[in-house]
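S.K.: I have a structure I would like to understand better, so I am pasting it below and will then ask my questions one at a time.
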Amino acid sequence: MNHQKYIRNFSIIAHIDHGKSTLADRLIEHCGGLQAREMSQQVLDSMDIEKERGITIKAQTVRLVYKAKDGNTYYLNLMDTPGHVDFAYEVSRSLAACEGSLLVVDSTQGVEAQTLTNVYQAIENDHEIVLVLNKLDLPASEPEQVKQQIEDIIGIDTSEAVLISAKSGIGIDLVLEAIVNKLPPPKESSSDILKALLVDSWYDPYLGVVILVRVIDGYLRKNMRIKMMATNSVYNVENVGYFTPKKHISDVLHAGAIGFFTAAIKQVADCKVGDTITDEKKPCEQALPGFKPNLPVVFCGLYPTDSSEFEHLKDSLAKLRLNDASFEYEMESSSALGVGFRCGFLGLLHLEIIQERLSREFDLDLITTAPSVVYKIHMRDGENLEIHNPADLPDLQKIESMEEPWIKATIMVPDEFLGAVLSLCTEKRGMQLDHSYIANRAKIIYKLPLNEIVYDFYDRLKSCSKGYASFEWQMDVYEPSELVKLGILVNAEVVDALSTIVHRSRAEQRGRALCVRLKDLIPRQQIDIAIQASIGSRIIARETIKALRKDVLSKCYGGDISRKRKLLEKQKAGKKRMRQYGNIEIPQSAFIAALKIGDE
């Protein structure tokens, strides 16, 4: 087993829906990783939400045993990676643990924006790349055209591309032969001292934290005392093994292998991804380079609809955090919504998935406030702040300048939808950086404010291109911007949960839209309700919900006018008292609808 020349570590990279997980299923089936009765679609996507949405969120690993045509038995370690931009960090971790990649491209759709990002990441990691063209059995498949597109855009040789249909299993043996013959084995171990890369970790209710590692030098065996170099914490290894994708316990993991171990670690936070693991008695001299830390870019408030559920929400977030170290949260309170948490996410899909997991796995009913990003505030007294909650924004008089984050977005779109996509980017304050054509598809690169993206950009991009546009982005720079805090007042009371930070040019439009929406959502009361949008002390939009009026004269048939006047005066005095002391109850349904992402 310690013949490293018979090991191949590879990851599968592709855009969403191009067939990564299906190809992984076929490879597992072909190599007998699971018996036929144990196979299911997307066998590596363990969460229900992954299967339903057809996306991969957590990278998974499998060891396959393959008897090649040259008569040798090879051990193939497959890392299935996510395709969505929010989980690019998961991709970078998987790539760092491998020497080669299978680049899967849908032969009916060609190169998409995320394909490019993942390929460039693989090239940065010095990966050997095997090109696989999938969905060959579909009538719309155009392999030759897609090959030309790949050569033009990415610049890799397509003459030895493997043509397959992962769904029907055509060409799977060719993929396995290409892995064995074209991808390099791990580098020879230069030392007997343990040096391993911590690729991922997750929480298992029975075993504690399970750690996925790639052994670079030496070996990892049961009962060894190991040290994490970033935290200097020492643990005793309890179990060592690998996935096929079922868990298999083994005695030892040799150099070049990818596997897991458990060591009675209580929290995932104690295991920093990208850390170097070494032997406590004979530590290695130098740590591995590791990864860039993953910082949240989108923030929003999560509140339980019923305040008695707060403790349940707190426990649920702590459990999710055990498996997802990139997700952050802290407690906050709102006068309108009560006590909840301010949470940080990698992007909107990440936000949606955490929300959905909370409602499904923990049966929670939540209100989500409008998403926001991190702003840099420069105060007149020289202090610099970073805020992501509109409620924390200081008084505008004390602020010297504000900076907002901008992103660099790559959009691939068929040319017939180009006009609609360009006008959407312009509407979102975008600046065009580049524009090129590949066959009948346009590739545009835009600089866009992240603040505009987190609302409804992705949905609107998909609808204006009938679902054909693909979009990928990375953080670019912070730039000064004319930002203001848009406040919403109901009967002169500020509703903090509806406050947002917007660009001054969009404030009036967004304020008016929110007022109109709230007017439809808040039920009529016995008095007039004023809904106002404000910037500081200036009101920029107003809507009024007219009062319900009880007919107090309904029982007066004729009779003296003074009797009627007395009843009307009594009603008037009652309404005046209500205006003075009455609190307007905004129903939860109104909050939820008003906070729906995007402007209708």
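Even glycines carry a Cβ here, placed using N, Cα and C.
Residues annotated as GTP binding site in Swiss-Prot, with sequence analysis given as evidence: Asp17, His18, Gly19, Lys20, Ser21, Thr22, Asn134, Lys135, Leu136, Asp137. Look at Swiss-Prot and you will find 5-187 tagged as domain 'tr-type G'.
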S.K.: Let me know the DSSP-derived helix, strand or coil state of Asp17 (GTP binding site), please.
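M.R.: Note: Asp17 (GTP binding site) is coil by DSSP, not helix or strand.
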S.K.: At 10 angstroms around each C-beta, which of the binding-site residues Ser21, Asn134 has the fewest other C-beta atoms nearby?
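M.R.: Among the binding-site residues Ser21, Asn134, the lowest count of other Cβ atoms within 10 Å belongs to Ser21.
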S.K.: Same chain only, sequence gap of 6 or more: which residues have a CB within under 8 Å of the CB of Leu136 (GTP binding site)?
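M.R.: Looking at Cβ-Cβ distances below 8 Å from Leu136 (GTP binding site), excluding near sequence neighbours, one finds Ser107, Pro143, Leu163, Ile164, Ser165, Ile170, Gly171.
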S.K.: Within 10 Å of each Cβ, count the other Cβ atoms and name the one among the binding-site residues Asp17, Gly19 with the highest count.
M.R.: Gly19
S.K.: DSSP three-state call for Asn134 (GTP binding site): helix, strand or coil?
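M.R.: Where Asn134 (GTP binding site) sits, the three-state DSSP reduction gives strand.
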S.K.: Using only the residues recorded as binding GTP (Asp17, His18, Gly19, Lys20, Ser21, Thr22, Asn134, Lys135, Leu136, Asp137), report the maximum Cα-Cα distance in Å, whole number please.
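M.R.: Answer in Å: the longest Cα-Cα distance is 17.
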S.K.: If you average the pLDDT over the domain 'tr-type G' (5-187), what number do you get?
M.R.: 75
